[in-house]
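These notes concern the structure reproduced below.
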Amino acid sequence: MACCIPDELKEQKRINQEIERQLKRDKRDARRELKLLLLGTGESGKSTFIKQMRIIHGAGYSDEDKRGHIKIVYQNIFMAMHAMIRAMDTLNIQYINPANRE
C-alpha cells in the first residue's frame, strides 16, 4: 500500500495543476468578457441589435433556431407585401398588369 502513495500524490498533483490552469484560463476569459445593458422602449431594436451581434461576431444560429424562424420570416414577407399593395392603392399607383389587381 505504501508503494502506491507516490503515484496517488503524482496523480493528485497533476489534477490540481490542470484545475489551476483551467482557473487561470477562466479568469483571463472573464476579464475579456464585456457585459452590456440595453435599455429602450418596446420595438426600439434591442433584440435586433443582439441578433445582429450574434450573426456578425458569434457562431450564428443553430439549425433549430433557423427552423424556428421560418414562420416569422414568411409572416414578415407576407405583411410587407400586403403593406405595399395597400400603399399602391393609397398612392394610386397602377399595376403594370391589370390582372394582378385581383
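Residue numbering: from 1, along the chain as shown.
Here the Cβ of each residue, glycine as well, is placed from N, Cα and C on the backbone.
Note: TrEMBL annotation is automatic and uncurated.
Among the features that TrEMBL reports, coiled coil is placed at 9-36. In the predicted model, the coiled coil (9-36) has a mean pLDDT of 91.
For GLU43 (GTP binding site), the count of additional Cβ atoms within 10 Å of its Cβ stands at 8 [all protein chains shown]. The annotation GTP binding site is assigned in TrEMBL to GLU43, SER44, GLY45, LYS46, SER47, THR48.
For SER47, the entry in TrEMBL reads Mg(2+) binding site. Under the DSSP three-state reduction, SER47 (GTP binding site) is assigned to helix.
Apart from the site residues GLU43, SER44, GLY45, LYS46, SER47, THR48, the chain places the Cβ of GLY40, GLY42, PHE49 no farther than 8 Å from the centroid of the site's Cβ atoms, the recorded GTP location.
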